[in-house]
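As written in TrEMBL, here are the features:
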TRANSMEM  45-63  transmembrane segment
TRANSMEM  83-104  transmembrane segment
TRANSMEM  116-135  transmembrane segment
TRANSMEM  141-158  transmembrane segment
DOMAIN    175-276  domain 'P-type ATPase A'
TRANSMEM  292-314  transmembrane segment
TRANSMEM  326-353  transmembrane segment
TRANSMEM  634-653  transmembrane segment
TRANSMEM  659-682  transmembrane segment
Amino acid sequence: MHPEIMRDSIGICPDCGMNLIPVKNNKKHKLAEHDKHKGHSTEMFLRKFLVSLILTVPVVLYADVVQKIFGWSPPNFPGSAYLPLVLGSVVFFYGGWAFLIGAYRELKAWLPGMMTLIGIAVSAAYFYSVFSVITGRGHDLFWELTTLITVMLLGHWLEMRAVSGAQGALRELSKLLPDTAEIIRDGKTETIPLSGLREGDMVFVRPGARIPSDGVVVEGKSEVNESMVTGESAPVAKNANSEVIAGTVNGDGSLKIKVTKVGEHTFLAGVMRLVKEAQASKSRLQILSDKAAFYLTVIAIGTGGLTFVLWLFAKAGFGFALERLVAVLVIACPHALGLAVPLVASISTTLAARHGFLVKQRLSLEAARNVDVVLFDKTGTLTRGEYGVTDIWPVKISEEELLQVAASVDMHSEHFISKAIVKKAEDADITIVEARDFVRIPGKGVKGTVNGGVIFVGGQAILEDLDVMPPDELKETVEEENKKGKTIIYVASEKELLGIFALADLIRKESREAIQALKAIGVKIAMITGDSEGVAKWVSQELGIDEYFARVLPHQKSEKVKLLQGKGQKVAMVGDGINDAPALTQADLGIAIGAGTNIAIESAGIILVRNDPRDIVKIIKLSRLTYSKMIQNLFWATGYNVVALPLAAGVLASKGILLQPALAALFMSLSTVIVAVNAVFLRKRIL
């Protein structure tokens, strides 16, 4: 049904739950291909269903049992006695061909499965019915045969619609790229096919157009909608040197972009590749359901054969015994069981990609539901990884004036602290004036002339040189902030202190929300950092973190993970995927956060495109929802077989309760559709 699905080993198709069939060895690959339905489509099953339904109606009307129930006789004409044979043969070979071919391929590969059961059932019913009509012995099963095939086709059509809907999100990703690109050559734009783009080309992207390839903005300003790729709902500002992603939508401005990646090397292609790889990988529950589906097939064949023999010994008649055999084989088809886990997993990995986190291995997503503690690397994860102003204490002038004179001097410095003060002034819409006579004072700070007065900006050493001291009421406050690991910067004139800044690695505003949400779902929080005890304590207190580890070197981080695991806790490590590689590997779940377009991080099982710790909560919620859906589907699929199999075998026949083959097919198809629809409901859940 899905010939594009390829795996390294025999197993179940992750899209529809059917057996994968080994491909003959050749020089190119030794993979397995799910080819039992090669060329099949949703439309094909609908077409076969409609044709079979039309042909089944007269077969049912000419059936003896229907005539007895409704007390009427169908029109007689020469050859009317052979009408069920003719129409039944068309339904068998036309409508049932997909099942017969599937059964042949399964048996050829020594992997009996759903198609084998259906193939044996319809073949037994058909050839017995042909024998009955030709010899006049026994009672034919043409109406049961045609209704069985028709109902099976209906079930497959409904199931394929559900599966197709489940895969819709991934298909939408593949449609994000435009067909053409405007390339800039000799100062002029020229429209070329997307396949003609090469690294280093310059492309022009008009307002509202899709960006054709990964690249870097060379010229222009705009806002780009990246929600379809990264999950980021707000448009992202782009200007010179900003990276852009293929398939995202440009805003109101025009952009000139230098192509850095094309084709299979783009971020979008990487996302789709990771999603497919994750869908092809197996979770523990899927391995269990695969084994259960195989054993159910074997049990069904054995039970069907035993049922047939026992009813023959009971002298119920060959036709009745064969009818019970067909019912058992049909009712026991492991399609629902085989579909129970793969379809849910397929939807969840696709859903994850749409939310901006990429699942590299399905076992990683499965492990997230059991996480007891999330261990965050501080820098760049809970904090921005960049310095910013946290506190301002004006002394002799207003806060606005303090920001103006300090930023005016710092505008001439490339130091990260100077840049942080300038940014604070810009964010506050403070007018920055030109500073004259700018001088760097090595190891101490900077100075310059602003509005006719000399302004000094720097650390404690600046005050000592000027013989200026902070007021007594601020000394204790400044000392407390210093103990937290913050950097204290003083602003002074030649004679007096004008004000004080405290700077630190800024805590992300999303971090507080993430910590609260994780605690709300019963997950403990720990933090690891190479910073001092004071910094670690301050961040932990600000965010309400349960436990922290300070002054930890990169190679020591994995030891802290082991320490938490030694307490019997399942640990999720969240880091940048570079310096934290050993710790990510050691953890029960490794999550690389803020990967951006870098998705080639081997140490992480899950990669977050955005640098937003709130996505950790979404991962755990999705994992729990996915597991819940899998359990629901497995419970339904196995419970249905436990109840239906004895009924199909005729255990209650003495009480007049019999499950006809057509009804068995209806129940089996409904079971499969219920499992598929239940899985699709996962897409409706809000993370």
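The backbone N, Cα and C atoms fix where each Cβ goes, and this holds for glycine too.
A TrEMBL annotation is a machine prediction, not a hand-curated record.
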Report, as numbers and ranges, which residues of the same chain sit near the transmembrane segment (292-314): CB under 8 Å and 6 or more residues beyond its ends. 12, 17, 112-114, 116-117, 120, 320-322, 324-325, 328-329, 332-334, 337-338, 638, 641, 645, 649-650
Six or more residues beyond either end and a Cβ under 8 Å away: which residues meet both conditions relative to the transmembrane segment (141-158)? 42, 45-46, 48-49, 52-53, 55-56, 59-60, 62-63, 65-66, 84-85, 87-88, 91-92, 95-96, 98-99, 118, 121-122, 125-126, 128-129, 132, 319, 322-323, 326, 330, 660-662, 664-666, 668-670, 672-673, 676
Six or more residues beyond either end and a Cβ under 8 Å away: which residues meet both conditions relative to the transmembrane segment (659-682)? 121, 125, 141, 143-145, 147-148, 151-152, 154-156, 158-159, 162-163, 165-166, 323, 326-327, 330-331, 333, 335-336, 339-340, 343-344, 347-348, 351, 625-626, 629, 632-633, 636-637, 640, 644, 647-648, 650
Determine which residues of the chain contact the transmembrane segment (45-63) at the Cβ level, with the cut-off under 8 Å and only residues 6 or more beyond its ends counted. 74, 80, 83-84, 87-88, 90-91, 94-95, 98, 142-143, 146-147, 149-150, 153-154, 156-157, 160
Restricted to the domain 'P-type ATPase A' (175-276), the mean pLDDT of the model is 87
